[in-house]
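Student: Below are the features listed in TrEMBL for this protein:
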- Cys411: active site (ACT_SITE)
- Cys411: active site, nucleophile (ACT_SITE)
- Gln286, Tyr315, Glu336, Asp384: S-adenosyl-L-methionine binding site (BINDING)
- 6-64: domain 'TRAM' (DOMAIN)
Amino acid sequence: MKINAPVHKNETLSGTVIDLTYQGMGVVKVDNFPIFITNTLPGEEIEFKITKVARSFAYGRMMTLITKSPDRVPERDRQYTQTGIAPLQHLAYSAQLKFKQHQIAELLQKAHLDIDVSETMGMETPYHYRNKAQIPVRMVNGKLETGFYKRGSHDLVPIEDFYIQDPKIDEAILVVRDLLRHYHIEPYNEETNRGTVKNVMVRRGYYSHEMMIVFVTRAKKIPMHDQIVEAIVEKLPEVKSIVQNINPEKTNVLMGKENKTLWGSDTIEDQLLGLTFTISPLSFYQVNPQQTERLYQAAIDQAGLTGNETVIDAYCGIGTISLAVAQHAKQVYGVEVVADAITDAKLNAMKNHIENVEFVTDKAEKQMKKWQADGLKPDVIIVDPPRKGLAPEFIEAASEMKPDKVVYVSCNPATLVRDIQLFQERGYQVAQPIQPVDQFPQTTHVESITVLNRQ
Ligand code: SAH
């Protein structure tokens, strides 16, 4: 491939960083050609070396920081950027919140949408927040290690302090690592597709302090598992559930379909907004419990419920939003594609003595058509889709049901802006500022709530 770039590999240049990408990389332009450089911030003058040149952009590595941004804070640990655990660790938290607000505003502007964005709702303590960890187990220099992959690779960097996780989870990972070492359990080797343990997943209830440990294995059997389980239970009294998840395929999908409870309960419980939730190994559960409560509360407030409304909660997971909303509405319908999650959702409704909810397993876009055919007339539709956003058929069916409001919880501003435009074509308008809520401090993820009103 012949590349007509104004820069060359290994060349050293200097310039001013003009922007920060949605992945948290600084941007320097040479003849309008963008160069992406990690650990640099807008306004900083830097000397950098070109490390890779592609057709329409290049990557560089900072060599010297000539002038520093006032928003720069010391890096905690270079490995957090290298592995992508905390790619914004060098940016002051207040500036991270502005960065996220700005991300949404910029995408709206590019789409010529005149919609305001409020200040991002941040956390008081913006680290140690994650209630879940999914940690690869590999052999590094002849030793079993737990850590994180270097960005863009599958090279494991051993890490003990994960910074953004509940420290009790970090502690549990070390206990498990040491036991796997002690019993000479063979870690997974991706190249040969051999070895026993691929990953360890740990979840800890923020309020309940109940802990679940899941061994994701290639093999059907974990040698010495009785001894390992016994030692875990003795060393980690919060553990309520130890599960083996069998994932024999050579795949990037982290968890397999088959779960085997090795000890204790099949599930753990935690609370959100005073409600109790049962969580299965494979169910989606928001990873930042403190901010999730604020996110849900803001969504409920913005939905403007009086107790008389019919509400659809699409992409409902284990029913967390549905059940929180049910207390403020007449009737709630939840839909979700993962059957296990719906089993949990139904159980959660019973557990909390909530009777005005109905849950269905299906693709949201399909179920909306069915509800529409049944003549269901929701007053409010709440959506919380994955990163790819809503299917066009979903938006079509949703607007044909003519709800007064659509409350859109988004984890990806790009698809949010796309979907706002589709709703606008069907007679919906955004009347109040979009509210970003920081669910993932130190990372570039942007979560927000948008309310669309029928005109
Ligand atoms: N509202 C829940 C879950 C949000 S995550 C909570 O806050 O906990 C998004 C959910 O959408 C996941 O549970 C995922 O399984 C589900 N999902 C993904 N694609 C879907 C589709 N096409 N139809 C229905 N649900 C889907």
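Just so it is clear, glycine is given a Cβ too, placed from its N, Cα and C backbone atoms.
Just so you know, TrEMBL annotations never went through curation; they're auto-generated.
Note that the structure is a prediction, hence the values are computed from the model and not measured.
What does the local environment look like for each feature on the list?
Tutor: In the three-state DSSP classification, Cys411 (active site) falls within coil. In the structure as shown, the Cβ atom of Cys411 (active site) sits within 10 Å of 17 other Cβ atoms.
Cβ neighbour count for Tyr315 (S-adenosyl-L-methionine binding site) (all protein chains, 10 Å cutoff from its Cβ): 21.
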Student: Does anything in the same chain, at least 6 positions from Gln286 (S-adenosyl-L-methionine binding site), have a Cβ under 8 Å from its Cβ, and if so what?
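Tutor: Set apart from Gln286 (S-adenosyl-L-methionine binding site) by at least 6 residues yet with Cβ under 8 Å, we have Leu272, Thr292, Leu295, Thr320, Gln439.
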Student: Which residue counts does DSSP give the domain 'TRAM' (6-64) for helix, strand and coil?
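Tutor: Result for the domain 'TRAM' (6-64), in helix, strand, coil order: 0 helix, 33 strand, 26 coil.
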Student: Out of Glu336, Asp384, which of the binding-site residues is least crowded by other Cβ atoms within 10 Å?
Tutor: Asp384
Student: According to DSSP, folded down to helix, strand and coil, what is Glu336 (S-adenosyl-L-methionine binding site)?
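Tutor: Strand, per DSSP.
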Student: With Cys411 (active site) as the reference Cα, tell me which of the binding-site residues Tyr315, Glu336, Asp384 is the closest one.
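Tutor: Result: the closest of the binding-site residues to Cys411 (active site) is Asp384.
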Student: Compute the centroid of the Cβ atoms of Gln286, Tyr315, Glu336, Asp384, then list the same-chain residues not in that set whose Cβ lies within 8 Å of it, in sequence order, for the S-adenosyl-L-methionine site.
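Tutor: Those within range, site residues removed, are Phe284, Asp313, Cys316, Gly317, Thr320, Ile321, Pro385, Val409.
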